[in-house]
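What Swiss-Prot annotates here:
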type    : residues                                                                    : note
BINDING : Leu11, Ser12, Gly13, Gly14, Leu15, Asp16, Ser17, Ala18, Thr19, Cys20, Leu21 : ATP binding site
BINDING : Cys191, Cys201, Cys204, Cys207                                              : Zn(2+) binding site
Amino acid sequence: MTEPKRAIVLLSGGLDSATCLAIARNAGFDCYALSIAYGQRHTAELAAARRVAQSLDAREHRLAHVSLGEFGGSALTDSSIPVPIEGAVGGIPVTYVPARNTVMLSIALAWAEVLGAHDIYVGVNAVDYSGYPDCRPEFIAAFEAMANLATKAGIEGARITIHAPLIRLSKAGIIQRGTALGVDYAQTVSCYQADEAGRACGVCDACRLRKAGFEAAGIPDPTPYR
């Protein structure tokens, strides 16, 4: 009897990570969903992650805690920094959380080693992204190289692969792909400042990208807006 293929899927509760989970499942993996409470402004996305993990049949869903909010430095972790509502203005925005994807992928890598999983999925995107340096293909390639140098599995020849299947897709393309795979986007939360019920502000950069994506995809937007 062959061992099941296992993959760790980073699951924020947003549109992209939900699509990523559906893609990993469709690729035949037993999916172990990992959400991170890092000190973000709201917990609505973590509640969304629980819903998505259940509806997309994750084998297990874990919530890890790391206190990036202790350091601040981002509008998503420091309530004294306002979330921009004027749209993207160029450069690295204040919604960038320093080292967030590096930290999250490192935690995913630790769980992967424990489970004997050699595949990690992350929903980063370099097309409709907001200027985050840790959403670029170069970052993913560099982290994968590090993972294969820094782990027992890598040293023993079991190659670790970081999958970023959305990295070249537009937001519309992501939505179309996820819809075809049965993702219920009404369960997801993308807004940077959603209320505790998960209702979106409709004006932050994440909301703008989400709205435009559904419109371009020709699919009704199920997002509840305040």
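Glycine is treated like the rest: Cβ placed from N, Cα and C.
Structure with Swiss-Prot features highlighted.
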residue: Leu11; record: ATP binding site; CB count, 10 Å: 31
residue: Gly13; record: ATP binding site; CB count, 10 Å: 24
residue: Leu15; record: ATP binding site; CB count, 10 Å: 29
residue: Ser17; record: ATP binding site; CB count, 10 Å: 27
residue: Thr19; record: ATP binding site; CB count, 10 Å: 28
residue: Leu21; record: ATP binding site; CB count, 10 Å: 30
residue: Cys191; record: Zn(2+) binding site; CB count, 10 Å: 27
residue: Cys201; record: Zn(2+) binding site; CB count, 10 Å: 16
residue: Cys204; record: Zn(2+) binding site; CB count, 10 Å: 23
residue: Cys207; record: Zn(2+) binding site; CB count, 10 Å: 20
**Q.** Cys191, Cys201, Cys204, Cys207 excluded, remaining Cβ within 8 Å of their centroid (Zn(2+))
**A.** Val83, Ser190, Tyr192, Gln193, Ala194, Ala200, Gly202, Val203, Asp205, Ala206, Arg208
Q.
Can you tell me the CA-to-CA distance separating Leu11 (ATP binding site) and Cys201 (Zn(2+) binding site), as a whole number of Å?
A. 21
**Q.** Where Gly13 (ATP binding site) sits in the secondary structure, as DSSP reduces it to three classes
**A.** coil
Q. Within 8 Å of the centroid of the Cβ atoms of Leu11, Ser12, Gly13, Gly14, Leu15, Asp16, Ser17, Ala18, Thr19, Cys20, Leu21, which other residues of that chain place their own Cβ, given that this set defines the recorded ATP site?
A. Ala49, Val52, Gly123, Thr188
(Q) For the C-alpha pair, I'd like the distance in angstrom between Cys191 (Zn(2+) binding site) and Ser17 (ATP binding site), rounded off. (A) 14
**Q.** Rounded inter-Cα distance in Å - Cys201 (Zn(2+) binding site), Leu15 (ATP binding site)
**A.** 16
Q | Cα distance (Å, whole number) from Cys207 (Zn(2+) binding site) to Leu21 (ATP binding site) | A | 21
Q: Out of Gly13, Leu15, Ser17, Thr19, point to the one nearest Cys207 (Zn(2+) binding site) in space (Cα versus Cα); all of them are binding-site residues in the record.
A: Leu15
Q. Cα distance, Cys204 (Zn(2+) binding site) to Leu15 (ATP binding site), nearest Å?
A. 15
Q. Cα-Cα separation of Cys204 (Zn(2+) binding site) and Gly13 (ATP binding site), in Å?
A. 17
